[in-house]
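In what follows, a structure is listed as structure tokens, so that the remarks can point back to it.
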Amino acid sequence: MDVEGGGDGAPPRRWSSWGWQKGTLLLAYQSFGVVYGDLCISPVYVYKNTFSGKLRLHEEDEEILGVLSLVFWSLTLIPLFKYIILVLGADDNGEGGTFALYSLLCRNSKMGLLNNMHANHGSLSAYNKEEPCKESRNSMLIKNFFEKHYSLRVMLLLFVLMGTSMVIGDGVLTPTMSVLAAVSGLRIKFPELHENYTVLLACVVLIGLFALQHYGTRRVGFLFAPILLSWLTCIGGIGIYNIIKWNPSVIRALSPYYIYNFFRKAGKDGWSSLGGIVLCLTGAEAMFADLGHFSKLSLRLGFTIVVYPCLVLAYMGEAAYLSKHREDLQSSFYKALPDRVFWPVLFIATLATAVGSQAIISATFSIISQCRALGCFPRIKVVHTSSHVHGQIYIPEVNWVLMCLCLAVTIGFRDTEMIGNAYGLAVILVMSATTCLMFLVITTVWNRSVVWAAFFTVGFGSMELLYLSACLARAPQGGWLPLLLSLVTLLVMSTWHYGTAKKQQYEVQNKVCLDHFLGLSSGIGLVRVPGVGFVYSSTTNGVPPMFAHFVTNFPAFHRVLIFVSLQTLTVPKVSREERFLVGRIGPPANRLFRCIVRYGYKEGRWDHFNFENQLLMKVVEFLRHQGGSGRSTSGENEMSVIPASSSSAGSLQHAAATPSSCEIDAGSGSGGAFCRRKVRFDDGEEEEEDPGPPEWGKAEVKELMQEKEAGVSYMIGHTCVFAHESSSAVKKFAINVVYGFLRRNSRRPAVVLGIPHTSLIEVGMAYRV
């Protein structure tokens, strides 16, 4: 139950053909300022890091052309074929990243753990968007295998969290590596310049980069896009110049034969150099993770038409220069620049490093937002910076933590070679995680043959394992850093998920049945006070233990009581027509209601005042449908889907003034007519019902409006979770120490929900799990 401020969002507009093309081109333009910068800044340091080890002993044309051939085919096979053509097609309703792949698996099977934390939402149209197709025998076998073995599902979640942690680690290493490599070009013209000055300049650039993040992806994209386009123009043009001037025959290195020749001559030293060549792939995973900020077509257009050709020309031009100037291997990029353009290119390169860092920073924001929404990251503030693209966000706490870590790595390492060793390992681990998850997506979500899935996994996985082995060999020289960062992040995410799951499990097991609660209420002389009370909890049926505890100690509550459960589902977005489920608890005389509000993990949220009015308006519509006959739903677990409608304060006043009106405000998801659907949460079945002639509950609606005028209060649990006395030492450490520390230092639920402090009732409870 985690909500942030923001708008509920208007329904998507229908674009004309020209409007759609214009929107795609605009997104493609913005993507240059956000997505590709990390990939495009790589030519600054790839050759330097590749020839920094034992490969220095092999500086002949065959080795230089072999490195160029490896770079070309790596760029072609992984960023172009794997990500742009194949992996982008595995989006989760427009969202990308490791968690998006996992949410696909959760929604299409019982392989995930996240879909078990809430009730069955099979009636939701977002769960049934894909056209039904015959499930293959192999797909069923894989699903059944995971469903039967709980330990495999736990390992799968930990594997996903590990991949996610590596992306977050990239958010520390990418800005550090890019900025430090760019400003080190000053030492080409000023060899006597002390490295302390380049480190200081890098720190200033990093601080400025993170200070710009609060303006949002859209503004940052428009600001950075011209910089990156200028950078691509420079490196592409200089690449052509160097090819023509120094060695036009480098074009023959596009043949894979030179890869074979490279390993034949360099041997083990050639394998070790793969830890530097992998740096040409940095940013490929960010393209997929940043998909929610843009669209598949806009990313494909930008990469294939502009980014890929310019990168190939840049690497070829640098190789052509090196073939005639082998003594410049450690500073080849800046030495290959013509003197007349050195300073403009150095200036643009410094600015482009900020763009390069933007790609992974935006991806880090997206992935942490997904983890937070799905209960795998502590409660933090998420600011939605665009009213048009719901995936464009800014997270202040994460932004400043990343900045501090980047500054610490820059000051501590100082050397791009050691940072490069750490950087390459983080990049290749994330790619390997995506490859493994794609095997499950291809077989269980796309229902394709295992042969095709194995072809994808073995083909790309064997390349990535080769790079991974070379990067692991460099672990003592800086490669330990991403492992440490990912381990800490994995500990935080897994512990938070475990503690949250145990807390929700306790609430479900200790909820109070309705009959027992009503009997308890009559026995203690319960008093109903004027007003409307909203009780927030994660339970979807029964009475939450927090509220039963409150009533036992203070036997009074409001005349109208609405139990509210806010749930984030494993879909990026829930349609407004299916957002609210409203039902009655017990006889109509009790005036008890339950409202379940469903959100996708990438959606913007509301401001609290409008949300309160929305909830009350949904109850009004529910009462209108039921009429004044006293007819209630057939069971507590049966609820009605209330379609979208305007829910402002004005519409509530209209409902109070004309309770017998049979019109629902314009904007209703059913065209102005109320359409009820029953949803059972115990078995997930759904049935349509014709409500018959409308009979409006005048008295109930009028009473609801009167109670609202009397006052509104909000009740929420303030829980402390402790491990049971008989628990193991590991569980006690995880729950009492780590989870307790995270809960105390994360945002309070009432703050997240935006509940007014003067109207808040917090009920303290201690859970022994």
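Cβ coordinates are placed from backbone N, Cα and C, and glycine is handled just like the others.
Taken verbatim from TrEMBL:
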DOMAIN    27-518  domain 'K+ potassium transporter integral membrane'
DOMAIN    530-768  domain 'K+ potassium transporter C-terminal'
TRANSMEM  27-47  transmembrane segment
TRANSMEM  67-90  transmembrane segment
TRANSMEM  154-185  transmembrane segment
TRANSMEM  197-216  transmembrane segment
TRANSMEM  222-244  transmembrane segment
TRANSMEM  271-289  transmembrane segment
TRANSMEM  301-321  transmembrane segment
TRANSMEM  341-368  transmembrane segment
TRANSMEM  393-413  transmembrane segment
TRANSMEM  425-446  transmembrane segment
TRANSMEM  452-473  transmembrane segment
TRANSMEM  480-499  transmembrane segment
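In this chain, the transmembrane segment (425-446) lies out of contact with the transmembrane segment (301-321); the count of Cβ pairs under 8 Å, excluding pairs fewer than 6 apart in sequence, is fewer than 3. Residues 74, 77-78, 82, 86, 271-275, 277-278, 421, 424-425, 428-429, 431-432, 435-436, 438-439, 442-443, 479 of the same chain lie 6 or more positions beyond the ends of the transmembrane segment (452-473) yet place their CB under 8 Å from a CB of it. Counting only same-chain residues 6+ beyond the ends of the transmembrane segment (197-216), those with a CB under 8 A from a CB of the stretch are 175-176, 179-180, 183-184, 186-187, 223, 350, 353-354, 357-358, 361, 383, 385-386, 392, 394, 396, 399-400, 402-403, 406-407, 410-411, 414. As a quick check, the transmembrane segment (222-244) and the transmembrane segment (341-368) clear the bar of 3 or more Cβ pairs under 8 A, pairs 6 or more apart, so the two touch. Listed as Cβ neighbours of the transmembrane segment (271-289) (distance under 8 Å, sequence separation of 6 or more from its ends, same chain) are residues 35-40, 42-43, 45-55, 67, 70-71, 74-75, 78-79, 82-84, 87-88, 96-98, 167, 170, 174, 177, 263, 299, 303, 311, 315, 356, 359-360, 362-363, 366-367, 420-421, 423-425, 427-428, 430-431, 434, 466-467, 469-471, 473-474.
On the 0 to 100 pLDDT scale, the domain 'K+ potassium transporter C-terminal' (530-768) averages 73 in the predicted structure. Residues of the same chain lying 6 or more positions beyond the ends of the transmembrane segment (425-446) and with a Cβ under 8 Å from any Cβ of it are 78, 82, 86-87, 90, 98, 101-102, 104-105, 108-109, 111, 136, 138-139, 142-143, 159-160, 162-163, 166-167, 169-170, 173, 275, 278-279, 281-282, 284-285, 288, 452-454, 456-457, 460-461, 464-465, 467-468, 471-472, 474-475, 479, 482-483, 485-486.
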